[in-house]
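Lifted from Swiss-Prot, the feature list:
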type	residues	note
ACT_SITE	54	active site
ACT_SITE	100	active site, proton acceptor
BINDING	57, 96, 503, 540	ATP binding site
BINDING	98, 541	Mg(2+) 1 binding site
BINDING	99, 100, 101, 102, 121, 250, 322, 323, 324, 543	substrate binding site
BINDING	122, 278	Mg(2+) 2 binding site
């Protein structure tokens, strides 16, 4: 038995203790009011974790209010472990995106791996089997020839290995994602992990603890000291000395999680439990307080009953450890042994560590001695909200309607196609198992959205993650609108109707008034776009304090759009299909280069107005595309993105490298620089001749510009003055990124 006298007495140096726990004097005054006495160290640690930015959203919550969260197909919106939408045939999709930025910068492999593990637990804790994963990862100047580039290539390799190793061991396919490189991430990379699962509509479980006397059961890996202070660490800034917090990074074991997953799914088939919650950030503290808080209950925990991996652990460590692969269950009274037997069958630790009470109080005991007593509602539901100061940043109003370069269109094309931003990332996604479970239709690198079929039905789900952080830096509100629209458009081009989004809002320091103004603007942009596009927000995550040595990242709202197609045979390809088919531009190319990839690469900096977006026009384009794909008019489609029309056509020609590329002959009659303009609400479609007039009429009905620009065919890529062989394009597109990564090996 570990002596805990030092944890129960009066805190001697309160100022230093508050500093270590990232609590303010005002926080401490509030704690005194709640407890009506000074806290002991255990209680102070619990308050620090639950009131951290990571757990409480104290700086951001006020701006999230007003997100559209309801629709006839929404079963569960924000507030639970994940969002849920009805996809028909008594099935629901459960999904969420979440950040694991700070841990991944400190220990890239472990940080990324546990990020994947944590988001998977959020999904299967609701009764769903995970069936697909995505990721959005962002690094600094990876092309730098010095130590900075070497460092970020190391970080990239570690993150990719961590994502791949965990997902592959879990048997969950990683089917897509996005990757970006900007100097703003030099001191703070981003690793956002997304997971989607499927569950029957009448078999959903929630994170609640109710029913007086119901037992509270700990299941999963034993608790160690890894991850101590993780929630507080994730709510703090980085500096050049941040390597000292390695101990706050959790250590994952995907094999243990696989056993936990299967044991939980077996448990869900029987009527044995009331609720279940993942032990994520803040570990046993957050799971217990959140479960009881949602139900208005109290709870008693006997911490000496918690399975421990290390000797000499104390209540402070047990409550705040973020050891991975652990869950907390509220079982039905009298069903304890059946629950324990299921986990014993799967060789997963399980122990009864407490019970639900009616007190509304969390009471913690250590070998019969009460060591903490805290009102639950004050921590779980009523954390202090901060009204951080805002300072608007002038959105640039001058138009960037041309690229300041003397390069020809051919030279610009070659530069962009081989750039680290555009070049194919098969070195990355080849490390992910994208075909396990045998449901994948379009894996990473094969389509604008990634798609899986829904077993036992004729339907398929699409999912895509997107955010152009340069746009959000220059114009946060409209940049966020573009992120929502683009993520949904990626599903549209493959034939699926977007139904809902999950967002991961990555920002710098909330103490910087300009950062909080950008946060407010981004939230407003998301609200407006989701309302017009009818894609409610059902889950999400906020990650603040993404800055290092005073340098904030660009505002980066990673948006995942999830869509549904009723007939899997109507999925539209993103690559050229048939020689002789016509190519059509839907939408209008405009001279808008502010924040574009071409501007960044060719001019060395970004400035000016970002591409404009008309959400009503965007929605009309979606409806046109859904009609056309449903009537099987489209052979292929791809939206115009980074690099403009020329790069979009190049990707359609080259595909993912597994099939023979097909050339094209295109004459746009556009000024040459406009071939690289990333205009919004624009899609290239491949159409057989017999469907051309019908599609043209439909475009007219929806008031969408329709321009025939050429045809598919040949072994030359010819787009206006760009004329290049497919072999040369393949070399640039498929080898550039791999060469960059290989230089350190």
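Note that Cβ sites are derived from N, Cα and C of the backbone, with glycine treated the same way.
Annotated features taken from Swiss-Prot, shown on the structure.
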residue: 54; record: active site; DSSP class: helix
residue: 96; record: ATP binding site; DSSP class: strand
residue: 101; record: substrate binding site; DSSP class: helix
residue: 121; record: substrate binding site; DSSP class: helix
residue: 322; record: substrate binding site; DSSP class: coil
residue: 540; record: ATP binding site; DSSP class: strand
Inter-residue C-alpha distance, residue 540 (ATP binding site) and residue 122 (Mg(2+) 2 binding site) (nearest angstrom): 12
Tell me the Cα distance separating residue 122 (Mg(2+) 2 binding site) from residue 324 (substrate binding site), rounded to the nearest angstrom. 12
Under a criterion of Cβ-Cβ distance under 8 Å and sequence separation of at least 6, what residues of the same chain contact residue 122 (Mg(2+) 2 binding site)? 81, 82, 96, 98, 195, 278, 280
Integer Cα-Cα distance in angstrom, residue 99 (substrate binding site) to the residue listed as 'active site': 10
Around the Cβ of residue 96 (ATP binding site), the count of other Cβ atoms that are within 10 Å: 27
Here's one to test understanding: among the binding-site residues 57, 503, 541, whose C-alpha is closest in space to the C-alpha of residue 101 (substrate binding site)? 541
Recorded positions listed as 100, 121, least Cβ neighbours within 10 Å: 121
Given the recorded positions 100, 121, 322, which lie close to residue 57 (ATP binding site), meaning Cα to Cα within 10 A? none
One should report the C-alpha separation between residue 121 (substrate binding site) and the residue listed as 'active site', rounded to whole angstrom, as 18
If one measures from the C-alpha of residue 503 (ATP binding site) to the C-alpha of residue 100 (active site, proton acceptor), what distance in angstrom results, rounded to a whole number? 14
One finds that other Cβ atoms within 10 Å of the Cβ of residue 278 (Mg(2+) 2 binding site) number exactly 29
Distance between the residue listed as 'active site, proton acceptor' and residue 541 (Mg(2+) 1 binding site) at the Cα atoms, whole Å? 10
Same-chain, non-site residues whose Cβ lies within 8 A of the 57, 96, 503, 540 Cβ center for ATP are 64, 78, 97, 98, 502, 504, 505, 537, 539, 541, 542
Express the distance between the Cα positions of residue 54 (active site) and residue 541 (Mg(2+) 1 binding site) as a whole number of Å. 9
Cα separation, residue 541 (Mg(2+) 1 binding site) to residue 322 (substrate binding site) (Å, whole number): 18
Starting from the Cβ of residue 99 (substrate binding site), draw a 10 Å sphere and report how many other Cβ atoms land inside it. 26
When DSSP is mapped onto helix/strand/coil, what comes out for residue 278 (Mg(2+) 2 binding site)? strand
